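Take a look at the structure set out below.
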Amino acid sequence: MPVESGNSAAARQVKQKRKSHSLSIRRTNSTEQDRGMQRDMMEGQDSKLPMALRSNLLDLFGQIEREFENLYIENLELRREIESLNERLAGEGQTVDGGDLTKGALKTKASHSTSQLSQKLKTTYKASTSKRSNSFPGKVGGPRNFNVGNWELWGGDSWIVSSFKATTSRAVCQLVKEYVGHRDGIWDLAVTRIQPLVLGTASADHCSMLWSIETGKCLLKYAGHAGSVNSIKFHPTEQMALTASGDQTAHIWRYMVQLPLPQPPADISASLDDDGDFSDKDEADGEAEGPSECPTIRVATTTLKSHQGVVIAADWLVGGKQVVTASWDRAANLYDVETSELVHTLTGHDQELTHCCTHPTQRLVVTSSRDTTFRLWDFRDPSIHSVNVFQGHTDTVTSAVFTVGDNVVSGSDDRTVKVWDLKNMRSPIATIRTDSAVNRISVSANQRIIALPHDNRQVRLFDMNGVRLARLPRSNRQGHRRMVCCSAWNEENQACNLFTCGFDRQAIGWNINIPALLQEK
């Protein structure tokens, strides 16, 4: 392919600039002529507007038109420069696609840096074993005051598309209750499986709390851990909770709570008169509510100590006689609840584990990892413990959960969620692509709706086919103000059937009108 010399290329650029300049002059002259003709036509038309106002409007539209013309001409010149650079690089044996110059390399670099910063922030908190970590100095309390919203890179014009669905989302997704009282970000939440139904939260403030779903009041606080509490799960048939912590242990503790009398719903919007962003001082003001009045448990019934790193998650196996824990030591452990003995150590992941989940009716366990994979462990046959590896993501798998059927749903920092069939594990049956990293997801048992909590403070709902159903409303008056860490469904409570928690130190209860949501699909 012939390559023109530097002199000829420079001459061609000068010629192109002259051509574009002459084009601009011709366009300006023609525009002025057209504007004069339009003014003459306007004078002959019958209008109720005063002539001075009509003339002023015409001048303003003319200015807008000239601005667009200038932008168009600059765009043409930039395209010519890109073509010239491509020709030079082609002569040197390199190729750059002008159309992908910004959409490809720059966007990929921005996405990668955002994902790295998000992962660094999560790692700092979950590994914390002191009262306050100071990895981000500058404010009292270190990272607990770090505003996740300040560093998150937002996705182009996606907000324009989302705004058209905002009215519908508000109609079928309504905020019911806010649960405020933790002194640091909330990593995980769950709802008890037996009566009385209460909400449990796990926080980086080293505590776990139980809340009344109806009143939002703190009923009990567990303060037995020496590090960040990274997950909480409830026993299927007894009043016991399982928590995992950055102190390298998992605790089993019993609870007894008495639900308070229901109170009339408070007007949340009335208490939030300010349209501005909430400051850390505003959040700190709510810390005195509730927890000081809560009874506190400080000693665990059972302590599981076999891990050599942060225990990031834990869950009960079906029946509640065994538990599984996932750790940053790259292993998952299976324990006997009654004896506290280690039954099995599940190894094979190349990097730290991020999550674990058990099947609701079968002895199956799925573990997620930063090595971009998740593994399915089968304990249905006592003599054979098979394992299957799922390789479908390109970044950290933040969670993988079972559905009531034969499906697994996985979420990742690569901004995708994938639905898998346990009978055919070679490729996903559905893929959901989003504009932000996905954290701990949950799937409703009856309608199989996936709730996606994002790093960019959004929560979106999808069906199992990957069709988007709604986005939970979020503004300065309601919704999460920091990264959303986890979601949990509770379809037994009709008034409040979805819960989310985040780094803004609060959990939120939502009412999702599922029949209306599915009807609009």
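Residue numbers in this text run from 1 along the chain shown.
From the backbone N, Cα and C atoms, a Cβ is placed for every residue, glycine too.
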Of the ranges 68-95, 96-123, 404-431, which one does TrEMBL list as coiled coil? 68-95
If you average per-residue pLDDT over the repeat 'WD' (304-345), what number do you get? 96
Same chain only, please: residues at least 6 beyond the ends of the repeat 'WD' (390-430) with a C-beta under 8 Å from a C-beta of the stretch. Say none if there are none. 111, 115, 118-119, 354-355, 357-360, 364, 366-370, 372-376, 436-443, 445, 448, 450, 452, 462, 464-466
With DSSP helix as H/G/I and strand as E/B, how many residues of the repeat 'WD' (346-387) fall in helix, strand and coil? 0 helix, 25 strand, 17 coil
List, by number or range, the same-chain residues at least 6 past the repeat 'WD' (304-345) whose CB is under 8 A from its CB atoms? 126-127, 188, 227, 230-231, 233-238, 240, 242-246, 248-252, 351-363, 365, 367-369, 377, 379, 385
Determine how many residues of the repeat 'WD' (390-430) DSSP places in helix, in strand and in coil. 0 helix, 21 strand, 20 coil
